[in-house]
Amino acid sequence: MELDLPGGTNHHMKIRNTIDIKGIMTDPVTLVLRLWICAEAPLEIRAMENIKEETSLRPIIKNHYKEHADVTSRAQTEIDDWLSTNKVTMKGNNIPRPVFSFGEANFNPRILRELSNFQTPTSIQSISWPVLMSGLDIISIAQTGSGKTLAYMLPALEHMSHQNLPKSSFRSPRSPTILVLVPTRELAQQVSEVSKSCIKASNLQYATLFGGVSKFAQEDFLAKGVDVVVATPGRLLDHLNTKTIDLRNCSYVVLDEADRMLDMGFEPQVRSVLSQIRPDRQTAMFSATWPKEVQKLARDFLKDEVFLNVGSMELSANPDIKQIVEVVDGREKRDRLKHLIENIFSKENNKTLIFVQTKVAADRLATFLGHFGHKALSLHGDKTQLQRDTIMQRFRRDASGILIATDVAARGLDVDDIEHVINFDYPNNSEDYVHRIGRTGRAGRTGVAYSFVTPEESHKVPDLIEVLQETQQEIPRSLLDLHAPPPPSFKRRSYR
């Protein structure tokens, strides 16, 4: 028997008219087609096959929300005032009303006990909780530090508690119900750290999957069965390829910092992961900005979603951060930094994060400050995961710590009590500048950001001035002079 299958592959087979596989009589043509679909078919055809298999999966209970009586009776004028005050805009159908307290969200009492240290929900939480517990997809545009982790994780745990789940068997990896995709290992660790107390209070197991550590240790943990997985796209695909994790029963998916994932080139991996999850899942997307690439991803994978925006959809600097810019000669930056650190550390509340462009610069600057009695830690991509974890633990504990980091190493870094950010090396663009200085001024605090700009970086000045103007910051005369073109009489003539 000869079969000519799509893709130009010829399969020559001599087989009976029917084949008995595990007691099932299978037509040989159907058998070969299924083998081809599993191994070689294009992604779209495999997705169609997954849809056929959907009928054999357990049903998903998405809408489990019970509106609190106080929410139901709240006047619309009060809600409108709250939306206006918090700069919240929403679009979608049948959007539930926001909740103004943890009690109004009707969370499990075990989860509420874990929230006793918090006073009131953030804006993004007030809207996201009822939307997600109503079973709706959501796109949420908000800046880092807005409380987005608990905005999606608490409804995820409630979602989990309402599903009719089979018990896992020993050494057989259970398909997690909840998946959170993040761009970096630092953010993966942060999400797990913020969520772990509520996950444990719900009697659930979680795994954090990222590169730079042993994949085999992660495999052993997954084999015991997990309910919640927080992962970077690359490492998750590694586990999917070795079949140490199965996403067929995953019914609640979060894309955290979707814009950053796409900026880092993870779109193919994200699409590959989502194609392996049942299409009737619930999906939540959180992003700081709303570029066309993120919009297309949302159109492809979300259904009848609620669009939530807190503040501006453009990346903008936090107005609670005081920005101080100095124009300095490149050869004088070290001495200027030394004097700045001495001034900062003459006062209280001085935890400081310093940004540099290269790994070598991070190590050298830490050594330089050490000569003057300032113990500085350096963080960059050449550090092992154990070293990175140790460095971050020390920095978090030390109220007067100094951390020198590259942009890549600092992605996902989340420390609430950083008082000062110093751009020793000015970043390549204004987007990175806003991300950098956003490490301070979090959780309702104020902060100060210092930036050194050299004359050779004059081409970066127009965008910087625009950011300073948007946040009503003082613009130094030296920066304006660096931006201004020279008078016509001083333009250099060219001679041939």
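Cβ atoms here come from the backbone N, Cα and C positions, even for glycine.
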May I ask you to indicate which of 100-126, 154-180, 316-342 is given in TrEMBL as motif 'Q motif'?
100-126
Taking all residues of the motif 'Q motif' (100-126) together, what is their mean pLDDT?
93
DSSP-wise, what's the residue breakdown of the domain 'DEAD-box RNA helicase Q' (100-126) into helix, strand and coil?
13 helix, 0 strand, 14 coil
Sort the residues of the domain 'Helicase C-terminal' (336-483) into helix, strand and coil with DSSP and give the three counts.
69 helix, 23 strand, 56 coil
